[in-house]
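**Q** Mind having a look at this structure? Questions to follow.
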Amino acid sequence: MLNQGDVECDFCIGRKHKAVKSCLVCLASYCETHLQPHYQSPAFKKHNLVEASTQLQEKICSHHNKLLEVYCRTDQQCICLLCVMDDHKGHDTVSATAERTEKQKQVGGNQQKSQQRIQEREKEMQKLRQAVDSLKRSAQAAVDDSEKIFTELIRSIERRHCEVKELIRAQEKAEVSQAEGLVEQLEQEVAELRKRHAEMEEFSHTEDNIQFLQRFKDHSTPSVSEELPATILNQGCDFKTVKESVLELKRQLESYCEKEADPVTTACGHSYCMGCIEGCWDQDDLKAVYSCPECRQTFVSRPVLSRNTLLTKMVDKLKNIGLQATSPAHCYAEPGDVECDFCIGRKHKAVKSCLVCLASYCETHLQPHYQSPAFKKHNLVEASTQLQEKICSHHNKLLEVYCRTDQQCICLLCVMDDHKGHDTVSATAERTEKQKQVGGNQQKSQQRIQEREKEMQKLRQAVDSLKRSAQAAVDDSEKIFTELIRSIERRHCEVKEKAEVSQAEGLLEQLEQEVAELRKRHAEMEEFSHTEDNIQSLQRFKDHSTPSVSEELPATILNQGCDFKTVKESVSELKRQLESYCEKEAVKLSTAVTAVYILQSPGSGVMRVTDVSEHTGPVVSHHQTITGELM
């Protein structure tokens, strides 16, 4: 029976059976029944059978309807043998297998580079996190120092100190935000790279050369820039476990039916097979006492066994059901299955597709391909609903050649027609070449993932260091203002700033995104490198041949030495000057104190304190001058 997603047999008439193989010569898929001629008939012995595929037509030249076996490096496409003599005549053509081998090397190189970049990004993110932590600690220290200084000054100055904590936190926030934004960008980029890498890995294992070459463009172009940082902004289910479980259940049921072939019932009501219970009681003859193995009820004389007719009927029915379930006549095509093109009326599930007949066959109608000499040379493949994708749309021939000039799969007639003079190679050769490119892209993707991850690690460390520095600055400001509170009778304002930490955290986020993209790309290339189909590998090579993430590591602009030392020194100097002023110039305070204001730099949201007359060092004041507030 056909299930959703199954390939239909092109040979089945009526209800299609599930195709189990596709023939690259017949250009059709066949069910188990119609596939037999390909196994039994000498005419089919040289046919190339592959797993039933819905993408069979992708392996067929659209011009000559021939199997894509050549890769045209000139046009960068899979072509058939006729294309070599047609549109791709004179082109640089190689077999799809050879081209796949070459491109597989490229994919491998890309994978290595991608992994290396991921590691680099992760290291960078770690460093950035440490830097952010350091910055935050410095900021906190600055806040603490400011608290102590203003506590000492509060006795002589009746004004509260400005919130140095807020200034420090603002700077910290700005720096960390920038770093975290970069880390997030890197993480997204790494995620994209890993996804892309996985896609390339899957693509590289494509068995069908035509499908590989037709899909190659989707995997030869990188999805992420190689430079660092970059703006970063499903799969086959074979139900193998389910199948194995069902087969085991079938085996156990068959075994049970064999054992219970002659069920009988004892006087106590329990049922056993005749051979088992007789053998058991034969051993009890010496004891002259017989017992039921189940309930242990004893009998003085050997009981007379009665045939269990109900159980016998049930066993026979189970056997009949098993025979019916395995009968090809009941393998009708379901929605999504490949239908047998040979069936008339209700279609059976196709098990094979013939690339010569360009049809799919169920198990029954596939038999001629196995038995008849006329079908011996037909190419049976797994039943595929995409059989037409391997057929040339112009000549209805199997796609066998890859035109590198036009970068497409063509048939042999296309080589002498629209692609005459083009660079044509067999789909297999082009698949091999592009497989190498996919491998190179995979390596590059893996390298970029590693670079991004290293960069994110460094960035995270930098963010951590920056946060520690900011925290240290906050702590220092707290301490300083605590000392000033003896002279200043107003609480100081917290001037915590997060500029450095915000920058570092933004960069860290960018690195994390980039590492995520690199990992995704690396996974795609890894999957692509295992594509078995040369044609499919060559067709998808372009999607995996170009790196998706920039190889350049982002410039980590982070002031890791930001320890808010200037803030602490300025507040300490203010404390010293104010204490000295309070002692010596208390009477002349109104004329001796230099006014200090909080100014905001034009075009920035960062608050800074500056001396109006000298413009030196961040000093704290409020809406009134010290003249009116100091003692």
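The backbone N, Cα and C atoms fix where each Cβ goes, and this holds for glycine too.
Heads up, TrEMBL stuff is auto-annotated, nobody curated it.
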**Q** Of the ranges 29-63, 169-203, 449-483, which one does TrEMBL flag as coiled coil?
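**A** Of the candidate stretches, TrEMBL labels 169-203 as coiled coil.
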**Q** Would you report the average pLDDT that the model assigns to the domain 'RING-type' (257-296)?
**A** 73
**Q** Please list the DSSP helix, strand and coil residue counts for the domain 'B box-type' (56-96).
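**A** Summed by class, the stretch gives 9 helix, 13 strand, 19 coil.
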